[in-house]
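Beneath this line is the structure, given in structure tokens, with notes to follow.
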Amino acid sequence: MTTPGWAQLRQQIRTLESQTESHFHTLSQYTSSSNLSEKPSPEEESTQSELVDLFSKRENLIAQLSRLLDSESALSTSALKQNNLIRHRELLTDHRSELRRLKSQIAEQRSRQHLLSNVRQDIADSRSAEEQEAEYMLQERNHLDHSHSVIDSVISQAYQINENFGIQRDTLASVNRRITLAASQLPGVNDLMSRIGSKKRRDGIILGSFIAFCFVMFLWFS
């Protein structure tokens with residue numbers, strides 16, 4: 001197998017250096033992307049892996065250049081070849097540093113984007129919780145207003161009933177006075193009217209208790 005010459009090795013290295021620059025251009029686009037995924041995409045990982053592979057190939061070719069240069073006699077070794085070899089080594093070192101820099105920038109960009117995304121989500125969740133709480137409070141307020149309206153209606157009816165009872169009580173008192181006056185003039189009627197009065201008081205107490213019970217049950221279940 002024929003050992004590659006100096007010119008052939010340098011041509012291969014320059015080709016790999018050109019491919020490295022092209023991969024750097026692809027990778028640098030991720031540093032300014034506004035829509036990075038939470039984890040590196042397959043394309044991003046592939047580009048980084050290919051760059052590492054290119055570095056390894058270039059390092060191997062540079063080692064071959066160095067051995068080839070060492071095998072030449074001191075008289076035939078030119079300063080230009082020495083400078084070329086040094087330049088290839090320096091460029092490989094620079095490219096490795098550039099890869100580390102780009103990876104760091106991409107990581108920072110990804111972290112920044114997802115931090116902002118999390119903050120926006122937290123704000124959205126907070127607003128949603130506040131809106132739900134406000135809606136709940138509004139429903140409770142409407143329910144309370146409705147309860148107050150019903151209570152006012154019940155109280156109004158109670159006042160009206162009480163007023164009717166007052167009118168009926170006055171009427172009954174007037175009738176009772178007349179009957180008592182008439183009964184005082186008739187033997188045995190006094191005792192009968194006393195019994196009727198007691199029965200009416202008992203019925204009034206029962207009716208009042210029933211109304212109070214209904215009102216309490218309404219307030220309890222409303």
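Including glycine, each Cβ sits where the backbone N, Cα and C put it.
As the structure is a computational prediction, the values presented were derived from the model and not from experiment.
According to TrEMBL, the feature coiled coil maps to 85-112. For the coiled coil (85-112), the list of distant contacts is 10, 13, 17, 20, 24, 27-28, 30-33, 36-38, 40, 44, 48, 51-52, 55, 58-59, 62, 65-66, 69: same-chain residues at least six beyond its ends, Cβ to Cβ under 8 Å.
Residues annotated as compositional bias 'Polar residues' in TrEMBL: 26-38. Helix, strand and coil counts from DSSP across the compositional bias 'Polar residues' (26-38) read 7 helix, 0 strand, 6 coil.
As annotated by TrEMBL, region 'Disordered' applies to 26-48.
What TrEMBL records for 204-221 is transmembrane segment.
Note on the coiled coil (85-112): mean pLDDT across this stretch is 94.
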